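Student: Below is a structure I'd like to ask you about.
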Amino acid sequence: MKVAVNTFLLFLCSTSSIYAAFALNSDGAALLSLTRHWTSIPSDITQSWNASDSTPCSWLGVECDRRQFVDTLNLSSYGISGEFGPEISHLKHLKKVVLSGNGFFGSIPSQLGNCSLLEHIDLSSNSFTGNIPDTLGALQNLRNLSLFFNSLIGPFPESLLSIPHLETVYFTGNGLNGSIPSNIGNMSELTTLWLDDNQFSGPVPSSLGNITTLQELYLNDNNLVGTLPVTLNNLENLVYLDVRNNSLVGAIPLDFVSCKQIDTISLSNNQFTGGLPPGLGNCTSLREFGAFSCALSGPIPSCFGQLTKLDTLYLAGNHFSGRIPPELGKCKSMIDLQLQQNQLEGEIPGELGMLSQLQYLHLYTNNLSGEVPLSIWKIQSLQSLQLYQNNLSGELPVDMTELKQLVSLALYENHFTGVIPQDLGANSSLEVLDLTRNMFTGHIPPNLCSQKKLKRLLLGYNYLEGSVPSDLGGCSTLERLILEENNLRGGLPDFVEKQNLLFFDLSGNNFTGPIPPSLGNLKNVTAIYLSSNQLSGSIPPELGSLVKLEHLNLSHNILKGILPSELSNCHKLSELDASHNLLNGSIPSTLGSLTELTKLSLGENSFSGGIPTSLFQSNKLLNLQLGGNLLAGDIPPVGALQALRSLNLSSNKLNGQLPIDLGKLKMLEELDVSHNNLSGTLRVLSTIQSLTFINISHNLFSGPVPPSLTKFLNSSPTSFSGNSDLCINCPADGLACPESSILRPCNMQSNTGKGGLSTLGIAMIVLGALLFIICLFLFSAFLFLHCKKSVQEIAISAQEGDGSLLNKVLEATENLNDKYVIGKGAHGTIYKATLSPDKVYAVKKLVFTGIKNGSVSMVREIETIGKVRHRNLIKLEEFWLRKEYGLILYTYMENGSLHDILHETNPPKPLDWSTRHNIAVGTAHGLAYLHFDCDPAIVHRDIKPMNILLDSDLEPHISDFGIAKLLDQSATSIPSNTVQGTIGYMAPENAFTTVKSRESDVYSYGVVLLELITRKKALDPSFNGETDIVGWVRSVWTQTGEIQKIVDPSLLDELIDSSVMEQVTEALSLALRCAEKEVDKRPTMRDVVKQLTRWSIRSYSSSVRNKSK
């Protein structure tokens, strides 16, 4: 093509001097000049556009008037690319230009405005950029302007408003922005206005109501705000109205008194409130009505029954209540009826069975009850029936097997009983069948894949029995097979080659026999779950050929033999669980090559030999379970396992000392090395501050228990038993020695008998040692107090040299200029300091002028923050103390605060449940660290989303804890001078008191957790000042028990996943326990961490499984 272009242009150059000789008129010359801007010209044009012609009137795409002047240029979809040249202005008689469906780029030439006779412009479906030229306003004869599907930007040109007879404007699919002109109503002859899929903002202009000729109004997929203008009721000729996917609010103001012409109304994905206008029944031509994902409420109007032409009704994702109106059965043209995710109750009206053309019936996630009317099962046109997450009951009728068009049937999480009709699938092209979490009995129908269309079969959590139909193993279209938690028995099916199965879960049944080697044919499978069965024999090495496998769970069976080394070929494997079997031999060292592995569980088998060093090299491993085997030798170095959270090596034959680099595992929460032959001291554990569970019992450890571990002596004292030489290191005065029924104090000596010291001698030695220690302590304290100030001043002044970091920070912020302010709080102003692209800091300035003891308070904050280190707490980088103020330097968090993410981004930033759960877990870890792992403990005093900062990975970091009071070691709460905290987050006991406690922080955390779940503020405007988020959630939860009425609507789709539903429900319950009025009913933050992480471990496999359904 490039050769053709060059040849054509060369031809033009060589013939430029002969235009006159052959008398090619000026229009022809102008057209040839346009081609010089094209980079790709089709051969049809190069052959047709001949410079030797006298006129271009016979050229391809060109039409002329009677005087041989070009009046039409139509090159639509010819495959031309290049720029649209300014020479177009030479075509003075041009009335119509159509260049749609090509590859034009660059700007639309402003010279197009010189073609004063133009009536029709179509430049759609190209790649034009830049603004729409204002010069187009000079085209007073223009009637049609089509610029859709380009990359145009900038505002709507107001010059177009002066074109008197403009009828159609198509600007769809660009990047136009700014407000729609308020006087757009001046375009009085407009019939079509397409402004959808742009970035327009501001309100919908009320002047649109002046354009009574308007038939099509598309404003969808913009950033429009405010209410719909009531003036739209004036548009009696309107046929299409689409304002979906904006941020419009308020009641729907349309009375629909004069709506005889309207065909389609789409209001979806806005924030409309109130009910639907009853006047909708007047719109007798209405074919489609959509208002899903708004905040509409009240009953569904029965007037829809008057709309006999209505074929599509979308009301999903609102707050509609009451019963489904039986009048809907009169909508004889209905094809698609979607009322899901509301609060509808009662039975499904049998009148819906009269909708003989219905193809899609979606009523899921409501409160519907009773049996599904038999008439529904007789709608022969039905393709998709989605009734899941209701309270429906009864049995499935045999009639359903005659639904020949049925493609998808989802009834999960109801109370259906009886046998699944055995002919289901034999007469239809069924692709999806989901009956999970019901009470079905009997056998799996044998013909579900007889039409070779089945893609997803989900029958988990029922009471099905018998074997898996053999044809499922040969169902090449099957992608998801989930039969978990039934009473199925027999052997596993054999799988043929060229299978498309992606997800395979038969766990929790009674399957027996070997794992078939044919599982190796599932080349696309990503997850295999066969746990909790009675499978026997060896693990087939053919599983090693599953290169896409990510999850393999064979636990709780009676498998024996070795663990095949071929599994190391599954390079994407992230979970391998073969625990609770009879496996033996050594653990393959090749498993260390699985770089994506996050969980390895081989516990409760008979593995022997040493632990392969290669297993301890994975920096992604979170959970390593090797307990209950016959492993021997030393524990290999573990320092590379930086992400490890749980390590279980218990009940083996390990010896030697704990690895010295065990203390480097800063994320470790659970450690169990009990019932081994390990020796040495526990000194390496003293630096692991993240531990929430430890068991080192029944070993040969000696020496003192590190102070950081003594907290476990009360919660789990037996975790230290069976170590006869282990002791507690008591203070010299002996008055504060931790009590333990398991361990003795380290300074307690048994009577040595003859030749030993007398009791008096021992007492004198102890007394002398105590006096010496006291004197040494007093002398050290004197030196410390005497030197503290000078040392501090030296440290501070040393930071203020010309090349110091302080100097650079002040320079970057122009001496703390207000334009760098990114936040202000009760304790200071925060600035953003950018030293370089990879060195961005937050600088907090605390002013002391007029504040008594300000510098002392500053030192307290600095000392507190400076010694606290945790991945979920903001880290102090530097500090400087000056006469009038102090500066603290932190790492800048680019995602701002949790408050910003939840409430200030527009449009709201998408946050799935996994992200919210991680934020909740991280925040809990940080707060638990402050409460239990700092010595003395720290009460934050103002936990709220604004004090939870999020890094680039949305990992939470608690800030502003440096001003917290330091708890006395022997107290649980401390009186402060003033009531501190934020309204809405303060615990009830703190509203009129100055006492702050760890329990107060727990209450505040509960409020934050509710905000994560609901995406509502603690004092949300929707509460109308009558309550706070705790009261609102408790009221709705008590009255309805429906999580869907509480959670952020954007999470509703995820709640389809039963494991997510379970986690969100339990998180809500935990949040309410944290926010109990009575202090002693609240859990500790350590309890909160345990529960949140327990969900993560317990739901790890099931959540992965359900997300893949």
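Note that Cβ sites are derived from N, Cα and C of the backbone, with glycine treated the same way.
So Swiss-Prot says this about it:
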- 816-1096: domain 'Protein kinase' (DOMAIN)
- N74: N-linked glycosylation site (CARBOHYD)
- N114: N-linked glycosylation site (CARBOHYD)
- N144: N-linked glycosylation site (CARBOHYD)
- N177: N-linked glycosylation site (CARBOHYD)
- N210: N-linked glycosylation site (CARBOHYD)
- N245: N-linked glycosylation site (CARBOHYD)
- N282: N-linked glycosylation site (CARBOHYD)
- N391: N-linked glycosylation site (CARBOHYD)
- N427: N-linked glycosylation site (CARBOHYD)
- N510: N-linked glycosylation site (CARBOHYD)
- N553: N-linked glycosylation site (CARBOHYD)
- N584: N-linked glycosylation site (CARBOHYD)
- 69-92: repeat 'LRR 1' (REPEAT)
- 213-236: repeat 'LRR 7' (REPEAT)
- 357-378: repeat 'LRR 12' (REPEAT)
- 690-710: repeat 'LRR 26' (REPEAT)
- 21-764: topological domain 'Extracellular' (TOPO_DOM)
- 765-785: transmembrane segment (TRANSMEM)
Student: Express the distance between the Cα positions of N510 (N-linked glycosylation site) and N553 (N-linked glycosylation site) as a whole number of Å.
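Tutor: Here the two Cα atoms are 16 Å apart.
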Student: How many Å lie between the Cα of N427 (N-linked glycosylation site) and the Cα of N114 (N-linked glycosylation site)?
Tutor: 66
Student: About how far apart, in whole Å, are the alpha carbons (Cα) of N144 (N-linked glycosylation site) and N74 (N-linked glycosylation site)?
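Tutor: Spelling it out, the Cα of N144 (N-linked glycosylation site) and the Cα of N74 (N-linked glycosylation site) are 15 Å apart.
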Student: Could you tell me the C-alpha distance between N245 (N-linked glycosylation site) and N177 (N-linked glycosylation site) in angstrom, no decimals?
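Tutor: That comes out at 16 Å between the alpha carbons.
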Student: In the repeat 'LRR 26' (690-710), how many residues does DSSP call helix, how many strand, and how many coil?
Tutor: 3 helix, 8 strand, 10 coil
Student: Near N210 (N-linked glycosylation site), which residues of its own chain have a C-beta under 8 A away, given they sit six or more steps off in sequence?
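Tutor: Those within reach of N210 (N-linked glycosylation site), by Cβ under 8 Å and sequence separation of 6 or more, are G185, N186, S188, T231, N234.
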Student: Highest Cβ count within 10 Å among the glycosylation sites N245, N427, N510, N584: which residue is it?
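Tutor: Within the set of glycosylation sites, the most crowded position is N245.
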Student: 10 Å Cβ neighbour count around N177 (N-linked glycosylation site)?
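Tutor: If we count other Cβ atoms within 10 Å of N177 (N-linked glycosylation site), we arrive at 16.
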Student: Within 10 Å of the Cβ of N553 (N-linked glycosylation site), how many other Cβ atoms can you find? Include all protein chains, please.
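Tutor: 24, counting other Cβ atoms within 10 Å of N553 (N-linked glycosylation site).
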Student: Please work out the number of neighbouring Cβ atoms within 10 Å of the Cβ of N282 (N-linked glycosylation site), leaving out its own Cβ.
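Tutor: Within a 10 Å radius of the Cβ of N282 (N-linked glycosylation site) lie 18 other Cβ atoms.
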Student: Counting only residues 6+ away from its ends, which parts of the chain sit with a Cβ under 8 Å from the repeat 'LRR 12' (357-378)?
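Tutor: Residues packing against the repeat 'LRR 12' (357-378) from afar: 311, 316, 324, 332-351, 384-394, 396-397, 399-400, 402-403, 405, 410, 1042, 1044, 1052, 1055-1056.
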Student: About how far apart, in whole Å, are the alpha carbons (Cα) of N584 (N-linked glycosylation site) and N553 (N-linked glycosylation site)?
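Tutor: N584 (N-linked glycosylation site) and N553 (N-linked glycosylation site) have their Cα atoms 17 Å apart.
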Student: Could you put numbers on the helix, strand and coil content of the repeat 'LRR 7' (213-236), residue by residue per DSSP?
Tutor: 5 helix, 7 strand, 12 coil
Student: So which one is it: of the glycosylation sites N74, N144, N391, which has the fewest other Cβ atoms within 10 Å?
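Tutor: The glycosylation sites N74, N144, N391 were compared, and N391 has the fewest Cβ atoms within 10 Å.
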Student: Which residues, sitting 6 or more apart from N114 (N-linked glycosylation site) on the same chain, put a CB under 8 Å from its CB?
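Tutor: When sequence neighbours closer than 6 are ignored, N114 (N-linked glycosylation site) has S89, K92, T135, A138 within Cβ distance under 8 Å.
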Student: What does DSSP give as the helix, strand and coil breakdown of the repeat 'LRR 12' (357-378)?
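Tutor: Across the repeat 'LRR 12' (357-378), the residues distribute as 3 helix, 8 strand, 11 coil.
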Student: Using a Cβ cut-off under 8 Å, which residues of the same chain at least 6 positions beyond either end of the repeat 'LRR 7' (213-236) come close to it?
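Tutor: Non-local partners: 172, 180, 188-207, 242-261, 266, 906-907.
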